[in-house]
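So that you can see what the record holds, here are the features copied from Swiss-Prot:
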- Arg69, Glu111, Tyr124, Gln192, Pro193, Trp194, Pro195, Phe196, Pro197, His198, Ser199, Ala241: substrate binding site (BINDING)
- Cys98, Cys101, Cys116, Cys119: Zn(2+) binding site (BINDING)
- 125-248: domain 'Nudix hydrolase' (DOMAIN)
- Ala158, Glu178, Glu219: divalent metal cation 1 binding site (BINDING)
- 159-180: motif 'Nudix box' (MOTIF)
- Glu174: divalent metal cation 2 binding site (BINDING)
- Glu174, Glu178, Glu219: divalent metal cation 3 binding site (BINDING)
Amino acid sequence: MAQQLSESDSGWWVVSDRGRIWLPEGELPYGSAAQWHLVGKMAYRIGEWQGMPVWLLCLTYPQDMASVRQLIDADRGLFQLAGRGVQLAEFFQSHRFCGYCGHPMHAGQQEWVRLCAHCQQRYYPQIAPCIIVAIRRDDHILLARHNRHRNGIYTVLAGFVEVGETLEQAAAREIFEESRLQVKNLRYVTSQPWPFPHSLMMAFLADYAAGDLCHDPKELQEADWYRYDRLPQLPPVGTVARRLIEDTVALCRVQHE
């Protein structure tokens, strides 16, 4: 699926290595391969944005390598494609050799897969399913500040789905582990690929059912109920967490204004 770039190739350029992405001047490069000195390099076409190809190159530069988080305020579709590129680059890097027999792997031609010619094993990009849930209690929403967040943002509860769990079971378990609360009326809202490092966020709304709030200090710095019109600092627009909070606020406005 990789091809050697020519002077006539152009589009958006996702240049990634070890979870970092090349962002000259803080933006995803756009233009011709010649303009960005990419002629002759091998690239994968991973999608299309605004009628132009999006290319992935698995290499690094000495400067301007950054986190794909810097693109979170860009258009959602472009951020998603950049995240795809970062995840694929990491997949190619971490699957150069077969985990069963140790022989070199090669890329498939029809799909994103790494193949072992020696033992015929096939490896696909890892995707970690996660649940993220906004919990409403009358005109309040549960928000928490996570230990991993250093910028004072308050958000909703989330966690990884474990082996053998349904999404509903994962939501109930994560909520109880982090807050000691039980919920009801769980309903699916939307999903969002989240390349940190390779998650798929599945978003839900829920209503409080029972329990006294007691946050897990290993996961959360604090957690509390916030009235819908008196909220702390929130996640940025474009994140699925922000979408859930805004949906919950809208429900509160309908019922309490």
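Cβ from N, Cα, C; glycine included.
From a predicted model like this one, the values you see are computed outputs, not experimental measurements.
Annotated features taken from Swiss-Prot, shown on the structure.
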| residue | record | DSSP (3 states) |
| --- | --- | --- |
| Arg69 | substrate binding site | helix |
| Cys101 | Zn(2+) binding site | coil |
| Cys116 | Zn(2+) binding site | coil |
| Tyr124 | substrate binding site | coil |
| Ala158 | divalent metal cation 1 binding site | strand |
| Glu178 | divalent metal cation 1 binding site | helix |
| Pro195 | substrate binding site | coil |
Cα-Cα separation of Cys101 (Zn(2+) binding site) and Ala158 (divalent metal cation 1 binding site), in Å?
-> 37
Taking only the Cα atoms, work out how far Pro197 (substrate binding site) lies from Ala158 (divalent metal cation 1 binding site), in Å, as a whole number.
-> 15
Among Arg69, Cys98, Cys119, Tyr124, i.e. the binding-site residues, the one with its Cα nearest that of Ala158 (divalent metal cation 1 binding site) is Arg69
What residue among the binding-site residues Pro193, Pro195, Pro197 has the most other CB atoms lying within 10 A of its CB?
-> Pro195
Between Glu174, Glu178, Glu219, which of the binding-site residues has the fewest other CB atoms within 10 angstroms in the structure shown?
-> Glu219
Between the binding-site residues Cys98, Cys116, Glu174, Glu178, Glu219, which lies closest to Ser199 (substrate binding site), Cα to Cα?
-> Glu174
Ranked by the number of other Cβ atoms within 10 Å of their own Cβ, which of the binding-site residues Cys98, Cys101, Cys116, Cys119, Ala158 ranks first?
-> Ala158
In sequence order, which same-chain residues at least six apart have a C-beta under 8 angstroms from Tyr124 (substrate binding site)?
-> Trp112, Val113
Apart from the site residues Glu174, Glu178, Glu219, the 8 Å Cβ neighbourhood of the divalent metal cation 3 centroid comprises Leu157, Ala158, Gly159, Ile175, Glu177, Ser179, Asp216, Leu220
Enumerate the residues of the same chain, Ala158, Glu178, Glu219 excluded, that satisfy the criterion Cβ within 8 A of the mean position of the Cβ atoms of the recorded divalent metal cation 1 site; list them in sequence order.
-> Ala144, His146, Leu157, Gly159, Glu174, Glu177, Ser179, Asp216, Leu220
Give the distance between the Cα atoms of Pro195 (substrate binding site) and Cys98 (Zn(2+) binding site), rounded to the nearest whole Å.
-> 24
